[in-house]
């Protein structure tokens, strides 16, 4: 079960390792560095090492483990901060006595779960009941907002059976909490189990994503929505607001569990994001957001190979909580760094490069990642539903959206929120370019908006989007001929588009009144602007100039409403405002008439 190192090239080690399997976890060298077999040629194995290989030399041993890189899943996972291979960073800091991660710290020294922690276990089944893989056996209260459900793991070796023994009481995470008698023998179930990170967890059926994931960001929720179980990408160059966007989603998205994966970002930026996440309060409960969050951090100065593992690790943790019946959101920042790590390892093991040096299987890996999202009927005997939503930022060099990572990502996602440097530099945040962005979920979430907010939602949303497109066309004329060449109708279009941009699309992420924006507030803000557009058209037909309409007191207030009206009084306040807006425009029309 062991071999010897033959040569070392950065994070890649070639070793003579008879019997090795693809993606098997191995320990490299005398200090036992984490590694994973990524290519096999005869008796030779190419290993990507998840730790710094400095000081390794040919001839040192390589030990096989016989199992793939796996996530440890069970209580004490919530609130943890892990590295890319699920080692808890706080524990590593205590062991290392150093802000940098010491090498050779394995799961024996820093286990991902606190196996000695005790919890009050409450059974959900009784002795004699039949259970299937994926069924809930019981639960423990891990944090105030999160109940941790203990599953009969859907592992290949587990078969349906009858509960032989289960009892409530105080148990350690590593204790046996149930025994299930199957045709293959008696299975002892503990509170935790392992799952290979590259293998998607099973489910019965994939359902269409029909319920929107409300994020509190108006541009996202109304114009380019994402559904629970959907996928989204946030590409943008440096300084365009990707990290703030990810922070806003992590704080306000209406998911029960959130997993931010900071993959290959700058250390200082990751530290700032971490400090911010640790201080954040859950707006719905007022308790620390960390009580329903697990964070994975893999900064750019950490070993490059661990970036790839971090994305798979985050997705596996997300699937685990999805299997408990929760709506889960995985936020990856950024997949470009993940792809760069893939490129470096592929080139070092001698694989044929494709476009811009990326491996030919880049589209396949991106598809495997995004396709793990979904709203699904869960494995087990009872009808349960859970969802895993994936939103990932992309960092294209120079903001070039035609580069391979961005262009291939476009093939597999349902919502595209590109960040424009032009908008960011003009201090328009979130800097989502409404002329390039798209969402494939508008049709599927329309039923939810019609039922829960207003049947007019789709009609008004489409009208506002058309006005923004028309504005872009008119701006070309204005640049050449000026506004004097425009008709009153066209001037009105420009005025309305300004209101949409300033009073609806723009949003201050740090203003508690402006962010988050409740669905009813979003709709009524949109309706107020659309009312200005509709009533304004009638006034212009009656001879009222667009410039007069723009100077009305209620119209002047339109861009400020988002900052003045809170979510709890939005329905009453904005309904009154729309009535006063209609009254003032009609009064002006009557006077001019």
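Backbone N, Cα and C define each Cβ position, glycine as well.
Sequence annotations record features per position, and here Swiss-Prot assigns ATP binding site to 236, 237, 238, 239, 240, 241, 242, 243 based on sequence analysis. Taken residue by residue with DSSP, residue 242 (ATP binding site) is part of a helix. Within the same chain, residues at least 6 positions away in sequence whose Cβ sits under 8 Å from that of residue 242 (ATP binding site) are 234, 236, 333, 334, 393, 395, 419.
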Around the ATP site formed by 236, 237, 238, 239, 240, 241, 242, 243, list the extra residues of the same chain whose Cβ is within 8 Å of the site's Cβ centroid.
395, 419, 421, 424, 431
Determine, from DSSP, whether residue 236 (ATP binding site) sits in helix, strand or coil.
coil
Sequence gap of 6 or more, C-beta under 8 Å: which same-chain residues meet both conditions with respect to residue 241 (ATP binding site)?
419, 424, 429, 430, 431
Between the binding-site residues 240, 243, where is the Cβ count within 10 Å the lowest?
243
Using a 10 Å radius around each Cβ and counting other Cβ atoms from all shown chains, which of the binding-site residues 236, 237, 239 yields the largest count?
236
